[in-house]
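The region 'Disordered' annotation in Swiss-Prot covers 1-45. Among the features that Swiss-Prot reports, compositional bias 'Low complexity' is placed at 9-20. For 33-45, the entry in Swiss-Prot reads compositional bias 'Polar residues'. Positions annotated as S-adenosyl-L-methionine binding site by Swiss-Prot: Gly123, Phe128, Arg193.
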Amino acid sequence: MKQRGPAGGRSSSPKPSAPGSGAGEGPDGRSAPASQKINKASANDRSLDSVIAADKIAALKLAPVSRETEARLDRYIALLREWQAKTNLVAPSTLPHLWTRHIADSLQLVDLAPTARRWADLGSGGGFPGVVLACTMAETPGASVHLVERIAKKAAFLREAIRITTSPGVVHLAEIGDNVDRITGPVDCVTARALAPLHQLIGFAEPLMRQGAKALFPKGQDVEAELTEAAKYWNIQPQLHQSRTGDGWIVELNAAERRG
């Protein structure tokens, strides 16, 4: 049987908390000084710094780069972490693994198109792989990377990333499907990462592929299902390359013809 409190079943008033028992309070019951909160945030930042530093070592073993490219990537990552606080550029859970999850995953595309100097990255978002590709080609004569992004804040970040890394990138603020035809000059390779299902990506990239571009699309473990779906709309002969950085795959296409 439930016990009833005094005054017609109302529960008694809660006892006052003991001094210092409130969240953020010191032993005298006062709020913890701001300096303590700042020190805690600084400690968290230092911890994340050391995790990212170790992740960088692992990533550069998977995908080695020159010292000049490494320096550019360092500036890019520093900028991304700064902007991440106000603009969601990457999933927060992936921050400790920026180098292996995002940088190395992007760098492996270069080896699949070693002669490509002119790239198009559709739906660049936080710059993967577009900014990474641009960093690797900063000293390549005639190199350029077109980064197409529809969200203004992300496009602003991409422009700043290209500026501080002194990389050969051109940012287009536009809807993906509306802008591909406007890219001037030939494109050797078109890519898109975490943007849309494969059959839609082919639709975005087909105008460039028709002009001779190769397509490289990083995909996850469900690549076979995406290929099956894409084959309903497109005649394609895909090549699959296993990712170095996880269980995913990279779909390579040299041509695509829409089914009647």
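Just so it is clear, glycine is given a Cβ too, placed from its N, Cα and C backbone atoms.
Here the binding residues for S-adenosyl-L-methionine are Gly123, Phe128, Arg193. Their largest Cα to Cα distance works out to 9 Å.
Classification of Phe128 (S-adenosyl-L-methionine binding site) by DSSP places it in coil, neither helical nor stranded.
Around Phe128 (S-adenosyl-L-methionine binding site), a 10 Å sphere centred on its CB holds 23 further CB atoms from the protein chains shown.
Taken residue by residue with DSSP, Gly123 (S-adenosyl-L-methionine binding site) is part of neither helix nor strand, so it is coil.
Arg193 (S-adenosyl-L-methionine binding site) falls outside any helix or strand according to DSSP and counts as coil. In sequence order, Asp105, Ser106, Asp121, Gly123, Gly125, Phe128, Pro129, Phe217, Pro218 are the residues of the chain that are 6 or more apart from Arg193 (S-adenosyl-L-methionine binding site) and have a CB within less than 8 Å of its CB. Excluding the listed site residues Gly123, Phe128, Arg193, the same chain places Asp121, Leu122, Ser124, Gly125, Gly126, Gly127, Pro129, Gly130, Thr191, Ala192, Ala194, Leu195, Pro218 with Cβ atoms within 8 Å of the centre of the S-adenosyl-L-methionine site Cβ atoms.
Taking the Cβ of Gly123 (S-adenosyl-L-methionine binding site) as centre and 10 Å as the limit, one finds 21 other Cβ atoms among all the protein chains shown.
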